[in-house]
Amino acid sequence: MAPLYTVLQPRVRGSGRCTGSGPATGGPLPPHRGSGATRRPARMGTRKKVHAFVRVKPTDDFAHEMIKYGDDNKSIDIHIKKDLQKGVVNNKQTDWSFKLDGVLHNASQDLVYETVAKDVVAQALDGYNGTIMCYGQTGAGKTYTMTGTTENYKHRGILPRALQQVFRMIEERPTHAITVRVSYLEIYNESLFDLLSTLPCVGPSVTPMTIVENPQGVFIKGLSVHLTSQEEDAFSLLFEGETNRIIASHTMNKNSSRSHCIFTIYVEAHSRTLSDEKYITSKINLVDLAGSERLKKSGSEGRVLKEATYINKSLSFLEQAIIALGDQKRDHIPFRQCKLTHALKDSLGGNCNMVLLTNIYGEASQLEETLSSLRFASRMKLVTTEPAINEKYDAERMVKNLEKELALLKQELAIHDSLANRTLVNYDPMDEIQIAEINSQVRRYLEGTLDEIDIINLRQIQEVFNQFRVVLSQQEQEVELTLRRKYTLIDKNDFAAISAVQKAGLMDVDGHLVGEPDGQGFGLGVTPFSAKPGKKAKSKKMFKEQLSTSARKEGASSPVGGKDLDFSTSKTQLTPSSKEGDVKDMLMRDRETSSIEPLPLDSPKEELRPPRPSTPPPKPVAFEDFKNERGSEINRIFKENKSILNERRKRASETTQRINAIKREMDMTKEALNFQKSLREKQGKYENKGLMIIDEEEFLLILKLKDLKKQYRTEYQDLRDLKAEIQYCQHLVDQCRHRLLMEFDIWYNESFFIPEDIQVSLKPGSSIRPGMVPISRIVSLGEDDQDKFSQLQQTELPEGPDSISFYNAKVKTEQKHNYLKTMMGFQQAHRK
Ligand code: ADP
Ligand code: MG
């Protein structure tokens, strides 16, 4: 008979009729070895109970009084007479009833196959795994049911019939290329035997077989699997196995009734339509279990006892596994307790169609074992499975199909390009040079030297975005580095610091009312002028201009910027990280060029100075004099700055009030809008084909809200600018105040305490100018600060730049101390 199906190239060694794999590569084909397949979740079915059938061995001595079948042939009732009870079952119970899926009494092999196996085999060709097991005491007909008689075709069992059905179904499915493989395993005394190992293509096994588990399932490593292209080949393999079973029982002195035999048919079906990447696999396990009779009956000793123990053990492990499978609450199933359950792990329960056929005797003498077998059957009936199709994807086919698709799409693109007059567009992945070019384009675009980046294709667009990210992150790092060099950045996770900043600073735009300015707390949280672009920079410029004009008004010689008023005595230095040396230099320059520098001694005012009184005037009085005399200039600037500060504060307060008013109005408008909206929704009459129609009132409210938001943003921006100005101005006022007081101290001491002889050195022509006397004197009288600082720098600063502020403070304190000491000396000299 010429096969109508094509046999796919086998993955196992060898070819032709016998294609057994060697021990190293054998074993049931794990699904992933199919065709480089990728496994996909199988289509899950609904839960299904295991089907349990009973086949009663024909006998002339059937115990009619004890064994009764239900009318539907789906139950067996057992009744034991009282007098017999003691001898047969040591139990008070006399009646049992077993519900089953079918009782096969005097049934032909044909009917048994139809009832028990046909559906399971048919479904295997659709991708469902199937397991059929024969259970029962020795001689009850398990092997007869499973294998049948090899001499008589009519009496052939499930195995040959299943093979026949498989090949017949293959013939009926010309749309699919279906391969069939078989293996035959025997488990005897917890050892695994390959019943097809005698075939010439298999060769002697080097290592014993082992049961291997992987995500795809369980398989027996070392078991030969044989590709069969036709029914006859398959039968030959079956007979080979049966023969080996009998021979082994003789030569190895095995009792064949004490071994478990598992004949497996593996099916793999690929569609002949090459575009169909899916394929299915399945396996049918046909299990002929060892005799289930209990140990005491065998009366065996020695070797036989050992066998019986094993049989009972493995069958009782099977029973335990079955009980566990039937218990919904159990999540652990003890499959690995013996070879039998381990080998059948993915064929018991799980996702397969499962059938148990219990073979029993019909004689009264066997009733005890019959009861035991029926109990097993009813336990099995509690087990549910979830049959599912084993569907996989053929990776090779997938790749081929995708390649085809890709080529087609590229052609399509080329056509589109030529139609759009775009030529030579490359759609391949980019190389490093192309990526570097895009990076450079992005940089130039950001700098403004490139107006636009041409769009070429999707890949290029993606790379442009990618390079934007690269450049952006690089710039971020650079900015952060620069900021860290200049400022102390507040850690985002430092909540205390953040809340302090929030308290002192501004609140978010979208949120809440802005607090009333108190004129003190605006400094924090506001970006320094220099860091603000656009509008802020402009306002800063205007502000500075205002300051400098105010300073110039009264004849200041140089423009007064913020920096020009930055005295060394200031507590709030604007350049926190400048080095001490720089500060000193700057200070000297400032002193030489500053417009608020005290007037020279030979000024007309100085000449008009009245003679010194014998007792110095009280300081408040003297301070008023000072402000009119030498301190007039700095006092004027101080006052001017103060008035600017006050004016800015007033404006900030007004702006804040306006913002709050706008905010309140916004809230009210929002409320009104919501009300209108809810009204509209309730009426619902304006909804039309997805278009929203709003009435005039609502529209006006929306416009109003929009306008208010705009106002809010503008005012808020103004407030931010004002606050920055206030902070800046406050700073200047503080500095001026400090300078005024310091200058006054110097003036006061010079005017009322410095002895006449020292005053001489202050006369015109002398190198020492007024206002500088005390400090210069101290410097010259005491230790030279510059030297001391240089010395300090040499000895101490290696500790790092962080120590600068520490040493600055140290030097300043010493300066102050020396100054006071010198002044005391002057006062004492004066008193004498
Ligand atoms: P088991 O495998 O359960 O030990 P077997 O299948 O070897 O039992 O059966 C023992 C004997 O009974 C065999 O000779 C077999 O041919 C015969 N036998 C069992 N069941 C039947 C049956 N239903 N019809 C005819 N003969 C049977
Ligand atoms: Mg048997």
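Even glycines carry a Cβ here, placed using N, Cα and C.
Keep in mind that what you see is a predicted model, and the values were worked out from it rather than measured.
Per TrEMBL, ATP binding site is recorded for Gly136, Gln137, Thr138, Gly139, Ala140, Gly141, Lys142, Thr143. Counted within 10 Å of its Cβ, the other Cβ atoms near Gly139 (ATP binding site) come to 16, all protein chains included. In the three-state DSSP assignment, the secondary structure recorded for Gly139 (ATP binding site) is coil.
Summarising the annotation, TrEMBL assigns compositional bias 'Pro residues' to 611-620.
Here TrEMBL flags 49-383 as domain 'Kinesin motor'.
Per TrEMBL, region 'Disordered' is recorded for 12-45 (among others).
For 525-624 (among others), the entry in TrEMBL reads region 'Disordered'.
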Of the binding-site residues Thr138, Ala140, Thr143, which ones put their CB under 6 Å from ligand 2?
-> Thr143
Counting other CB atoms within 10 A of each CB, which of the binding-site residues Gly136, Gly141 comes out lowest?
-> Gly141
Tell me which binding-site residues (Gln137, Thr138, Gly141) have a Cβ under 6 A from ligand 1; sequence order is fine.
-> Thr138, Gly141
Given the binding-site residues Gln137, Thr138, which one has the fewest other C-beta atoms within 10 angstroms of its C-beta?
-> Thr138
Go through Ala140, Lys142, Thr143, the listed binding-site residues, and name the one with the sparsest Cβ surroundings, counting other Cβ atoms within 10 Å.
-> Thr143
Residues flanking the ATP site, with Cβ no more than 8 Å from the Cβ centroid of Gly136, Gln137, Thr138, Gly139, Ala140, Gly141, Lys142, Thr143 and excluding those residues themselves | Lys57, Cys134, Tyr144, Ser257, Gly291, Asn359
